[in-house]
Amino acid sequence: MSATLALTEQLIARASVTPDDQHCQQIMTERLAALGFECETIASHGVTNLWAVKRGADGRDGKLLAFAGHTDVVPTGPLEQWTSPPFVPAHRDGKLYGRGAADMKTSLAAFVVASEEFVAAHPGHRGAIAFLITSDEEGPATDGTVKVVELLEARGERVDYCIVGEPTSTAELGDVVKNGRRGSMSGELVVKGVQGHIAYPHLAKNPIHLLAPALAELAAEQWDAGNEYFPPTTWQVSNLHAGTGATNVIPGHADLMFNFRFSTASTVEGLQARVHAILDKHGLEYTLKWSVSGLPFLTPRGDLSNALENAIRAETGLTTELSTTGGTSDGRFIARICPQVIEFGPPNGSIHKIDEHIDVRFVDPLKNVYRRVLEQLIA
């Protein structure tokens, strides 16, 4: 069994359901400390975070390449639906099964072993290697990566490149990497009406009827046309509720929850202003609470994307696709302190599902791609 596969199994065996790290980071810290990494645990409200760094010959003047990832996994769901226990690594038909196999314990193991091999081959490496690991990526993400980033900002720590080990591949390892993500902003809208008996509508004010024209306009609005890197911004309703459940009561208010996934072609302030303008145009009496969970970020072609594309081509023969599709990731926080952030990991077809797994044939090639990137950028 390869070193990468063995470490992957060791991590899968820890039932690290968010935000419980279950000592996964301790396992990683022991390996990294043996390489000369300075390891710092940063705890916050039950969340465990790790910042580990190994300086190179150039000291703080050298380029720093960070690997960002998470040890937490999503809940298993009904255990009886799993073919084998989710936290007992199992091999079937060339695949390794277990919660976190794809998202993202294989990536964690691969970069640890890649770092071990790189340091052994390049003991005098010039640049620095760092790990930014959290147990709060699958949960609220309020005490994880963002807290470490705030600490690094306060210290004036510079991060030149960051690989986030999210499972970005689709059919084959390396066919897709993410060089950016859309922003995410949600709204909670309450439209006020006047409750009353449904037989006496002249004595009431139906908030559903009031909201409907504005809702139709919001749904039909083209917020932007996207750009070279991002598709157009989308607006979607996630929840709509009004009434008591009775058939003879006009409700006193209608509640709507919605979400924007927005590109760099739009801004938070611009989108909010346009929503308010539409609601005001329809004369609604309302309250609207906004929450922004992430801003869009984009890494244009540069040293990191070139190194990753070269490494993937050398290891797999594939020409990778740079993409910004999908949901948010912790890359949105890291982009605040790092100009080049790219996500790359194994295929994502089974993530968050019963019987999550990874094809074993991708495990060591993933490690090799990571090692090749280290060699190109900081050797």
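Every residue, even glycine, has its Cβ placed from backbone N, Cα and C.
From a predicted model like this one, the values you see are computed outputs, not experimental measurements.
According to Swiss-Prot, the residue from ASP93, ASP103, ASP175, ASP303 that belongs to the Zn(2+) 2 site alongside GLU138, HIS352 is ASP103. Swiss-Prot names HIS70, ASP103 as Zn(2+) 1 ligands; from the candidate set GLU9, GLU153, GLU157, GLU166, the record adds GLU166 to that same site. Annotation note: ASP103 (Zn(2+) 1 binding site) sits in a helical segment as assigned by DSSP.
Between the C-alpha atoms of ASP72 (active site) and GLU137 (active site, proton acceptor), the distance comes to 7 Å. Distance noted between the C-alpha atoms of GLU166 (Zn(2+) 1 binding site) and GLU137 (active site, proton acceptor) is 11 Å.
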